[in-house]
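A short worksheet on the structure shown next.
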Amino acid sequence: VLSPGDKSNIKAAWGKIGGQAPQYGAEALERMFLSFPTTKTYFPHFDMSHGSAQIQAHGKKVADALSTAVGHLDDLPTALSALSDLHAHKLRVDPANFKLLSHCILVTLACHHPGDFTPEIHASLDKFLANVSTVLTSKYR
């Protein structure tokens, strides 16, 4: 459960990310593909080269979904329902991959905003990404 302090930290951190979110999403995906090569199996049609248009486009989708989630911290299941259906029923992504991507998102944000990435912000963002992952895997049953 996200505390009021967590929600405040998440909104503040996301506000500092601003227009860089799509680039950070793409960077986090590239980081995940390089660090955890098995995750590439869900993207066989992607050009995996650095900065490819497909990775950039999917990074924007990831960032947009997270921005939606930040705007609906009190009702993530409703806000992410369609995305949850897509990942559970059509894409059938292994739920473990959400944890891997979450880690790569945290690393990416820490690299770009080291002064703002305090232990409190890190903890709040980690809880937020864990909640998003839980919602995205909730319809797998």
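Heads up, the Cβ atoms here are built off N, Cα and C, so glycines get one too.
Taking all protein chains in view, 17 other C-beta atoms sit within 10 angstroms of the C-beta of HIS58 (O2 binding site). As annotated by Swiss-Prot, O2 binding site applies to HIS58.
On its own chain, HIS87 (heme b binding site) has VAL93, LEU136, THR137 as residues at least 6 apart in sequence with a Cβ closer than 8 Å to its own Cβ. Taken from Swiss-Prot, the feature heme b binding site applies to HIS87, supported by sequence analysis.
According to Swiss-Prot, the feature domain 'Globin' maps to 1-141, an assignment based on sequence analysis. Regional average pLDDT for the domain 'Globin' (1-141) in the model is 95.
DSSP assigns SER3 (phosphoserine) to coil in the three-state reduction, placing it in neither a helix nor a strand. Summarising the annotation, Swiss-Prot assigns phosphoserine to SER3 (among others).
As annotated by Swiss-Prot, N6-succinyllysine applies to LYS7 (among others), with the evidence given as similarity to another entry. The Cβ of LYS7 (N6-succinyllysine) lies under 8 Å from the Cβ of LEU73, SER124, each of these being in the same chain and 6 or more residues away along the sequence.
The Cβ of LYS16 (N6-acetyllysine) lies under 8 Å from the Cβ of HIS113, ASP116, each of which sits 6+ residues away along the same chain. According to Swiss-Prot, the feature N6-acetyllysine maps to LYS16.
The N6-succinyllysine annotation in Swiss-Prot covers LYS16 (among others) and rests on similarity to another entry. Following the DSSP three-state reduction, the secondary structure of LYS16 (N6-acetyllysine) is helix.
Annotation source Swiss-Prot lists phosphotyrosine at TYR24, citing similarity to another entry. Taking the Cβ of TYR24 (phosphotyrosine) as reference, residues of its chain lying under 8 Å away and at least six apart in sequence are, in sequence order, ILE17, GLY59, ALA63, ILE105, THR108, LEU109, HIS112. A helical conformation is recorded for TYR24 (phosphotyrosine) in the three-state DSSP classification.
What Swiss-Prot lists as phosphoserine is SER35 (among others). Sequence-distant neighbours of SER35 (phosphoserine) (same chain, 6+ apart, CB under 8 A from its CB) are LEU100, CYS104. According to DSSP, SER35 (phosphoserine) is assigned to a helical segment.
Here Swiss-Prot flags LYS40 (among others) as N6-succinyllysine. All protein chains included, LYS40 (N6-succinyllysine) registers 13 other Cβ atoms within 10 Å of its own Cβ. The secondary structure of LYS40 (N6-succinyllysine), as reduced to three states from DSSP, is helical.
As annotated by Swiss-Prot, phosphoserine applies to SER49 (among others). The Cβ of SER49 (phosphoserine) lies under 8 Å from the Cβ of no residue that sits 6+ residues away along the same chain.
According to DSSP, SER102 (phosphoserine) sits within a helical segment. Taking all protein chains in view, 19 other C-beta atoms sit within 10 angstroms of the C-beta of SER102 (phosphoserine). As annotated by Swiss-Prot, phosphoserine applies to SER102 (among others), with the evidence given as similarity to another entry.
As annotated by Swiss-Prot, phosphothreonine applies to THR134 (among others). Long-range Cβ proximity for THR134 (phosphothreonine), meaning a same-chain Cβ under 8 A and a gap of 6 or more residues, is found for none. In the three-state DSSP scheme, THR134 (phosphothreonine) falls into the helix class.
Around the Cβ of THR137 (phosphothreonine), the number of neighbouring Cβ atoms within 10 Å comes to 19. The phosphothreonine feature in Swiss-Prot is assigned to THR137 (among others); the stated evidence is similarity to another entry.
Long-range Cβ proximity for SER138 (phosphoserine), meaning a same-chain Cβ under 8 A and a gap of 6 or more residues, is found for PRO77, SER84, ALA88. The phosphoserine annotation in Swiss-Prot covers SER138 (among others).
Among the modified residues listed (SER3, LYS40, SER102), LYS40 has its Cα nearest to the Cα of HIS58 (O2 binding site). A distance of 16 Å separates the Cα atom of SER102 (phosphoserine) from that of LYS40 (N6-succinyllysine).
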